[in-house]
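The following features are taken from TrEMBL:
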{"type": "BINDING", "residues": "His143, His288, His292", "note": "Zn(2+) binding site"}
{"type": "COMPBIAS", "residues": "1-10", "note": "compositional bias 'Polar residues'"}
{"type": "COMPBIAS", "residues": "23-32", "note": "compositional bias 'Low complexity'"}
{"type": "REGION", "residues": "1-36", "note": "region 'Disordered'"}
{"type": "TRANSMEM", "residues": "84-105", "note": "transmembrane segment"}
{"type": "TRANSMEM", "residues": "125-147", "note": "transmembrane segment"}
{"type": "TRANSMEM", "residues": "159-177", "note": "transmembrane segment"}
{"type": "TRANSMEM", "residues": "189-208", "note": "transmembrane segment"}
{"type": "TRANSMEM", "residues": "220-239", "note": "transmembrane segment"}
{"type": "TRANSMEM", "residues": "251-270", "note": "transmembrane segment"}
Amino acid sequence: MATAASSSVVTLEKKKRTGSFRSCSSSSSSSSKKPCTRCELVGFDSLPEYLKDNEFLLNYYRADWPLKETMLSIFSIHNETLNIWTHLIGFFIFLCITVCAATTIRRHDGAGSSVTEQPVARWPFFAFLAGAMLCLLSSSACHLVSCHSERCAYAMLRLDYAGISTLIVTSFYPLVYYTFLCDPFSRGLYLGLITALGAAAVLASLVPAFQTPGYRPARALLFSLMAASGLVPIAHKVAAFGDRPEAIATAWYELAMGIFYGLGVAAYVARVPERWMPGRFDIVGHSHQLFHVLVIAGAYTHYLAGLEYLKWRDVQGPYCQC
Ligand SMILES: [Zn+2]
């Protein structure tokens, strides 16, 4: 940490000498106490080490901006603008879905009308929606303010990783709870294992090296393995309930979700298309934006699966008959 901080200072001093970087930090030791009113976007080579993540994005970086300017940059154009807005819009989409689901979902009785009998528990379905909203909002906030300082970046990236873990863990809840409604052992086993895995991933993300560019494949592998472990309960579901149309329909949704997430992770790790034309996709079209959009598509597909699970268990009734 100390080495990184001192190298950042050296980098800043070098940029000041060469004139290629204008610091906007209000904590500057300059004799002027007035914070600068206009912050400039800088190139990759001018970044402090903690912000160097993707060398194929060449320009339009914010670096060490004061907090106020950092917050207001949500309304300006830089290479994080679409990263912020893709997940912020995704958050509002899921907020609307949650409100609509809470106010309109009624128990299915198999004939298309609602009934008043106590329905099957809704908490796994809403836990997933809450996990999706937490992930999208923390990601958006992380992209907005991480450029403020190294301390801020460290804290926000932990929040981002915790949000990703929460989305993955809560995605298991509808799948496991509704599929194994009448099998408490399998239900408890799967829910316990994925929750423990999620907690372990959050703890692993506390290691400072976890956020460095060299650990990009390791980060992708950890979260991908967590998500891929969902194949076990899905295979169990198809084997046990292959004759139920809802079980097959939800498995198709889960396959589509896996494809969306898989494509997103592939773009994230490979850093395409910017790798092919560095500098061309700095503002629009780089891999992280594609990753964000594919995450929203995957989460939305899982929401559709959640509706199917509710229909399945409501039609069958809240009481186990198996
Ligand atoms: Zn992101």
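A Cβ is built for glycine as well, from the same backbone N, Cα and C atoms used for every other residue.
On the structure: features taken from TrEMBL.
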{"residue": "His143", "record": "Zn(2+) binding site", "contacts (Cβ under 8 Å, 6+ apart)": "Glu80, Asn83, Ile84, His87"}
{"residue": "His288", "record": "Zn(2+) binding site", "contacts (Cβ under 8 Å, 6+ apart)": "Asn54, Asn83, Tyr268"}
{"residue": "His292", "record": "Zn(2+) binding site", "contacts (Cβ under 8 Å, 6+ apart)": "Leu82, Asn83, Thr86, His87, Gly90, Ser139, Gly264"}
Any further residue of that chain within 8 Å (Cβ to the Cβ centroid of His143, His288, His292) of the recorded Zn(2+) site: Glu80, Leu82, Asn83, Ile84, Thr86, His87, Ser139, Gln289, Phe291
Assigned conformation of His143 (Zn(2+) binding site) - DSSP reduced to three states: helix
Cβ-Cβ under 8 Å with the transmembrane segment (84-105): same-chain residues at least 6 beyond its ends: 74, 122, 125-126, 129-130, 132-133, 136-137, 139-140, 143-144, 289, 292-293, 295-296, 299-300, 303, 307, 310
Residue numbers, six or more beyond the limits of the transmembrane segment (189-208), whose CB comes under 8 Å of its CB atoms: 1, 154, 157-158, 161-162, 165-166, 168-169, 172-173, 176-177, 180, 222-223, 226, 229-230, 232-233
Long-range neighbours of the transmembrane segment (159-177), counting only residues six or more past its ends (CB under 8 A): 121, 124-125, 127-128, 130-132, 134-139, 141-142, 186-187, 190-191, 194-195, 197-199, 201-202, 205, 210, 219, 223, 226-227, 230, 233-234, 237, 250, 254, 257, 295, 299, 302, 305-306, 309
